[in-house]
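**Q** Here it is, the structure, as structure tokens.
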Amino acid sequence: ADTIKVGILHSLSGTMAISETSLKDVALMTIDEINAKGGVMGKKLEAVIVDPASNWPLFAEKARQLVSQDKVSVVFGCWTSVSRKSVLPVFKELNSLLFYPVQYEGEELEKNVFYTGAAPNQQAIPATEYLMSKEGGGAKRFVLLGTDYVYPRTTNKILRAFLHSKGVKDTDIDEVYTPFGHSDYQTIVANIKKFAAGGKTAVISTINGDSNVPFYKELGNAGLKATDVPVVAFSVGEEELRGVDTKPLVGHLAAWNYFQSVKNPVNTEFIKKWKDYAVAKKLPNAATVVTNDPMEATYVGIYMWKQAVEKAKSTDTDKVIATMGGQTFKAPSGFELTMDKTNHHLHKPVMIGEIKADGQFSVVYKTKTPIRAQPWSPFIPGNEGKQKL
Amino acid sequence: MTSYMMSGVLRPGQQYEGATGDQGVSYGRIKQEGVDTTHGAILYLEDIVVSFDGFKAINNLNLDISVGELRCIIGPNGAGKTTMMDVITGKTRPTSGTAFFGQTMDLTRMSEVDIAHAGIGRKFQRPTVFEQHSVFENLELAMKMDKRVKTTLFARLNSEQKDKIAAILQLIRLDGQEQRQAGLLSHGQKQWLEIGMLLIQEPQLILLDEPVAGMSDAETARTAELLNELRGKHSIMVVEHDMGFVTEIAQQGKVTVLHEGSVLADGTMAQVQADERVIEVYLGR
Amino acid sequence: MSATTTFAMAKGLFSKPAWTGILVCAVIAVLLPILNLSFPVGHALHISSYTIALVGKFMCYALAALALDLVWGYTGILSLGHGVFFALGAYAHGMYLMRAIGRDGVYQSNLPDFMVFLDWKTYPWYWAMTDSFWYCMALVILVPGVLAFIFGFFAFRSRIKGVYFSIITQAMTFAFMLLFFRNNTGFGGNNGFTDFKRILGFTITAPGTKAALYLITLLILLSALFLCRWIVTSKLGRVLQAVRDSESRLMFIGYNPLWFKLFVWTLSAILCGIAGALYVPQVGIINPSEMSPANSIEMVIWAAVGGRGTLLGPIIGAFTVNGLKSWFTAAFPDLWLYALGLLFILVTLFMQQGVLGLVSKFKKQREPA
Amino acid sequence: MLEVKQLHQHYGSSHTLRGISLSLKKGECMALLGRNGVGKTSLLKCLMGVLPVTEGTVSFEGRDINKLSPHDRARAGIAYVPQGREIFARLTVEENLLMGMASLPARKAGKIKDEVYQLFPVLKEMLHRRGGDLSGGQQQQLAIARALLAEPRLIILDEPTEGIQPSIIKDIGRVIRLLRERGDIGILLCEQYFDFARELADHFVVLSRGEVVAYGGQELMDGDDVKRHLAV
Amino acid sequence: MIFRKICASIVLLVFSLTAHAAIDGKLLQALAGDDPDARITAVNTIAALGNEEAVEVLTALKNEQLFARDVAVYLVDGEQAKDLGTGKMQKLPDDAEAITINNRLRAALDSALSGLRLFSPDKNVRLVAATALEKEATPEQLPLLNKAYLKENDSEIKSRLQMLIATANLQASDPVVRKAAVKALLDSPNPNLKPVLQKMLAQNPDGSYNEADASIRLEAANTLNAIDGRLARMEFVGNLFYGVSLGSVLLLAALGLAITFGLMGIINMAHGELLMIGAYTTYVCQMLFRKFMPDAVDAYLLLALPAAFLVSAAVGILLERTVIRWLYGRPLETLLCTWGISLILMQAVRSIFGAQNVEVANPSWMSGGITVLGSLVLSYNRIIIIFFALFVVLAVWLILNKTRLGLFVRAVTQNRRMADCVGVATGKIDMLTFGLGSGIAGLGGVALSQLGNVGPDLGQNYIVDSFMVVVLGGVGQLAGTVIAAFGLGEVNKFLEPVAGAVMAKIVILVFIIIFIQRRPQGLFALKGRSVE
Ligand SMILES: Nc1ncnc2c1ncn2[C@@H]1O[C@H](COP(=O)(O)OP(=O)(O)OP(=O)(O)O)[C@@H](O)[C@H]1O
Ligand SMILES: Nc1ncnc2c1ncn2[C@@H]1O[C@H](COP(=O)(O)OP(=O)(O)OP(=O)(O)O)[C@@H](O)[C@H]1O
Ligand SMILES: [Mg+2]
Ligand SMILES: [Mg+2]
């Protein structure tokens, strides 16, 4: 064939559509861009889009369909960990490639997957360190607040071990979980307030998706300001803030590897391309589109795959995997990102941003250089032997 | 798997909720022979009170019916006749008082199903049949037999039973219509079907609530005939407002008049018809 | 019972056209994996593994829909919580499959990865013996069965009916979902079980294993269909319909609806659990979202689309709805919800008896001509 | 005022009414007789518009009402006491009575006339009880009261005496006679209680298997012809 | 709003001050610099100036209105920028960079500004400032506080300042002062005092106490007890309020369903989407106001309420006339059909507004809250929603029970054919009833938009809860729905602190199941024959 098919596996309906739809659009934009520049090895890319509808078994079915029916060379997709876990066996069985663009809990390393989002040490731990620093407010007590599922549980487990290592006692850590879709945060905010009376407190939020809005609204109305109890979130980015009135949230934080507000030529161009694309394709709310970390990770992932294919001179899975390691790419974050030679994760810079009134972040901290991912957190017992990976 | 289920659900002779202790209405067995009628009466109602949010629909009602008796009950609208039947069949629990079937079975403490098993059958004031089932199936369902899950699952009609159904069909003049859906019958036909279901159930005590309402005079006469035939074979309690019909079936037997929840008068039809109070509240001048 | 009478009985189960339909479908269904295995990829007669996997999955759904129809279509008990039985059956089988991974997991431990991760040193008590396949198969039947029995016993004894029953089944599945979402419950949190390696020593991804699972599913689906059909055509079936239409009348002629309802309800839960158990190895994942209220509602919708109270209808419905969903989500990923939504509306408006009702309507129209 | 011509009705493939014609004048009472299941109720339902007719016309006060919906017929002045009472079970007795006046404009529908209570004293006692809780006979009384409140010009009664105690049957008879004597109202009475019907009716019609097999004035009602069609 | 007041009064303050001195350029540059510690020092030094300029610069910095270019620092106000070095007004140079602040600096600014504002002539400003200082009254602030206390003549502010001084004095070296402070704090509502007092009472490993004076310890224990007691009471009241609030949300979500499902018997799975439509209508109203009447944007809710009611009602009526009217008497079909409708509506919203959530901001009169019992904040939006819910219930109750329409609605839903026969235009009533239920759902949507997210999934999050509420209360029983909603809200909120949010939810569901066992027809079951 004179085209190379690539699969896009993001939920366009159901609960996760809120986050994943824009990843599909970014992927299409990137593919258009690559095609406009002549494609990959002279062949045009052809996107095959499916909608797994936020349904995990359907993810597996759709992945199988993409790989075995549509014969795509690579799949870009998934957001939640469980969707990734659901498709993993398929990619292993059919020996195909998946690029996963979202920050996650780690504890996984698959030959067939490249992780372009952050591992915990590229997000959670630096953020906590920042909160404990003088600049970050010198927090002594921590509320670990999350939605009850694997990513928050794992992250909090890692963080607890990390905090222990920093001398924080268990009495100064409060771990709280809410069900999916929880929308009444009155009690929790009241408890945070109570807990915060005991000393300088920070909240580390791994609240997922939709629940963030009610949480932040409650926070704002209860008068908990960022200067009193800062909240750092790992799942809240520019895209999520579009749905929130950010004025009461000024000063709360998020940790990512990229922010739209980062200033550098690559990013300026990236943002412009995206805005133009949104207008050209008449995406809903095209006037107010924003970029965020997973979008950048998708963008980087597609380009890195392209480079690897061109180096391998083939789309064959094993060959591409072989050439993927060591690929570099000048990313919108302003850093040159490298795909690790062994662990399939990107070396990424860590940035911490404070929410501004306009829904953007002002970067208050960033690492000097990209950091290597530790998918097997050293803070989890049993992972000692895996640190070289 | 199925057999596992079955043994899990139903142990033969299993006691169950609502069954009174030692006299033991064992589940699933039609204990018709078990009714202890040594004192000649099959049904005793003693000081029954039923009150709905303070309104006493039945007020200190005392009544008994002997074995084989055909008893007519009359009384003004709202006198509590239907409520009394509800009490007897377990549909309504009395606020106080006792209701005994035979000497031993306390109806107020038995469930509807147990009461039906014990041998009380009832025709409702408004005809109630299984509307989605055919006439034949209605009779099949009502037919006297073991009504437990397992036996029902494996039940097949034998020729004797089929004959019985055919006979009843003829009796209620729905032969030829046995495959029709019961819901499509006219009002009077449903009345007949319900009577048919009652007969095939072979209860010891039959309760009939306005059996001839909505029947033409000819049909009424036939029903009367039928009841006269059944006289003596079953104990029967009939509630009706059709005086002609009541006179026909009561013959020289006792007629009870209810009023405001208790017995106003009883005696032969002629006696009650002459009673001033009965004329006042019920018959009119 | 002699062979001939059995045969005669079997013949009486369905009408002649229905028999033809069932046989044709069954033969095609059996042919699929054979074609898949015996012709190489690219051959004109080759059936892709994807198709096999898809049909296998749909058969599990069909079994669940069939089970639901038994209680809903015939007894009038609308369950909005059958997903929980499906999922419990699936989890029961999943426990075995997790144990069968052995030390091939990420942490190379005897325990499943998620337990290692939670620092559990041993299996919790309810995982005892789950390394035995047969024990797990017993669980597949017992867990949904016992849960349904207990739940049903109390609900039916209290004479909970109609929407009240539907809503408490929904509450039940919702509660179970939240419970299973908790990591500490010991069933892998929201990720559930996945990444199975083998079943009874066979590699789970091997084409032969898949074909075998597929055929077993087909066999069970057909047997369940015959079983259900036999039940609903028996006198018990008529009692069930009487329960649906006038429960109180039934009591006055001496049937205790409690046991009848409990019987089908439990049987239905068990069938649904079996469907779940067949589903796990074929789909490769089970997690608590199967217990979400929406999933149970979808099952009801399969039955309704196919035509409730017909047994064959729900099977057809499960295939139709899921087939369309699979097709739509790939063919019009942005618009498919419109198409599916419209389908549901049209079915209710124009096909009161579902797809199957449409068939019989056509037949009726042709007959007089 | 009421003219029925060649009315046919089918339930699916079964032909229930076969070409029924009848006419009723103002101030008259017509009795509709027939055995069980001959189609009396079906005919009345057709007149009320609850059942669609397959063929034939129904006209009321010179107007073809075939196409009108039941509520339009009610507003045109037809009131209906259905077989089986059809009380609004969860409305109170009072509300049920108010519903009887639903066809009247709001300003006329506020107050329940006392005559109703005189006729059916129980209703006054039970004003705040739910309709469905009443005894069968009480419900029947309520249904009749409800129809009377609509100030109808044609009243259709389907077995109104069913389940009612004798004294009240007499009262009902009196009311019907009163209405008839007023002369401005047509009454169509479907009855099994032959003596009752005979006393009240000016005319009668006997149905058998969906057809009119006998009709005439009151004097003919005791004739053998009628007896034959009513016998089993 | 409060913020604006403060700004206004600062302008006043500026005029009232006499001294006028430019701020040292070095200080300004330090503000703009990279060294965080230097910036903090600069802030405090500027604050110490205590003059009009200081307030102006610090406020500007807090609002991120300061820009820097080389050594020059500009204060931007609208189009114009003032060069703080020269005091000249000019246009902001293109390459000037905003001076950003972080939380640490923001906190320093807050406390500095509060200190300054203690001397504002405006009483409210002083009150706010005093309250703001409560969190960290330190001995260093004592001179300032004392000065303010002496100058203050408002009794409320005075007592607050007294508390502040006492708080600061807890760490005084003089035991007499400490004791007085501890005693003075007996009535303090401030929970932040607890750790300080606890520390005083704590025993060191060597057996000595942090607070050497036993009598002070006694007083401290006393004060601590008093504070604990007050906190417990506050927590109870808090839970009560949270429960009522959650209940009102459930009620608003369920009320429309109580009509469409409870009365009409339609298993309306699209109910959630009608809520969603209400919420999106609110969003559109807000956008319209932002576009055409930016000054009156706070009033958008007033438009949103009728608009949401009408839009949802219109959608409902459309659905009823086209689809649902064919399904009366077939409740289970309505489930399938409305499920389809719900899919379509959700996807339609996704196509029009995008899959992401949209932003609906609380109008300023709904943000914030009142503080009761010291530190319990009851937020305005929740209070308003509680009253709104009660208002809507009352309205619905009146319509259904006190109007002819309501009578017809109930009659039609009970016996459609007979209602038709007595002269009720059933089609019209059906349409109006469904429209009313949908419209009420729209109103619910407006309320929900003030608390949670507005997105295509909004409805899905409430549909299960709504059905539970309606069924628990007893289908068709308005009073039941109300009690069920508030009951569930309270039970949930009193469970949550004990069991955690997840287990609380599970327990609630189990509770519902058991409750229905006891009352198979819901809370307000109808008894008697009329039910059959
Ligand atoms: N659930 C209830 N709530 C309130 N009142 C009730 C209830 N059930 C029955 N009643 C009242 O109790 C009285 C007795 O009713 P019942 O049906 O037993 O009368 P009945 O003798 O059968 O009359 P009829 O001859 O009209 O059938 C009536 O006044 C009725 O209104
Ligand atoms: N919904 C229906 N579908 C089909 N057939 C029906 C339906 N309703 C009634 N029928 C049939 O139509 C015929 C006439 O019924 P109808 O109710 O009019 O009789 P009726 O003269 O009123 O009898 P009754 O005196 O018993 O009330 C009966 O044979 C009945 O079985
Ligand atoms: Mg009665
Ligand atoms: Mg009739």
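Using the three backbone atoms N, Cα and C, a Cβ is placed for every residue, glycine included.
Remember, TrEMBL labels are computer predictions, not curated facts.
Features from TrEMBL:
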| type | residues | note |
| --- | --- | --- |
| TRANSMEM | C:18-39 | transmembrane segment |
| TRANSMEM | C:45-64 | transmembrane segment |
| TRANSMEM | C:71-92 | transmembrane segment |
| TRANSMEM | C:132-156 | transmembrane segment |
| TRANSMEM | C:163-181 | transmembrane segment |
| TRANSMEM | C:211-232 | transmembrane segment |
| TRANSMEM | C:258-280 | transmembrane segment |
| TRANSMEM | C:300-324 | transmembrane segment |
| TRANSMEM | C:336-359 | transmembrane segment |
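Situate these features within the shown structure.
**A** A Cβ distance under 8 Å defines the sequence-distant neighbours of the transmembrane segment (C:18-39), meaning residues of its chain 6+ beyond its ends; these are 11, 45-49, 51-52, 55, 59, 207-208, 210-211, 214-215, 218, 222, 225, 312.
With a threshold of 8 Å between CB atoms, the same-chain residues lying at least 6 positions outside the transmembrane segment (C:336-359) that come near it are 301, 304-308, 310, 312-313, 316-317, 320-321, 324-325, 328-329.
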**Q** Under an 8 Å Cβ to Cβ limit, what residues of the same chain, 6 or more beyond the ends of the transmembrane segment (C:300-324), are close to it?
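**A** Long-range Cβ neighbours of the transmembrane segment (C:300-324): 18, 21-22, 57-58, 61-62, 64-66, 68-70, 72-74, 78-80, 82, 221, 225, 228-229, 232, 339-340, 343-344, 347-348, 351, 353-357.
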**Q** Mark yes when the transmembrane segment (C:258-280) and the transmembrane segment (C:163-181) have three or more Cβ pairs under 8 Å (sequence separation 6 or more) and no when they do not.
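**A** Touching, no - the transmembrane segment (C:163-181) and the transmembrane segment (C:258-280) miss the threshold of 3 or more Cβ pairs under 8 Å.
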**Q** I need to check the long-range neighbours of the transmembrane segment (C:45-64): which residues 6 or more away from its ends have a CB within less than 8 Å of a CB in the stretch?
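**A** Same-chain contacts beyond the ends: 29, 32-33, 35-36, 39, 82, 86, 207, 210-211, 213-214, 217-218, 220-221, 224, 271-272, 274-276, 278-279, 282-283, 299, 302, 314-315, 318-319, 322-323, 326.
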**Q** What else in the chain is close to the transmembrane segment (C:258-280), if you only count residues 6 or more beyond its ends and a Cβ gap under 8 Å?
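**A** Result: 57, 59-61, 63-64, 66-68, 70-71, 74-75, 77, 79, 82, 85-94, 97, 137, 140-141, 143-145, 147-149, 152-153, 156-157, 193, 196, 213, 216-217, 220, 224, 228, 231, 236, 239-240, 243, 286, 290.
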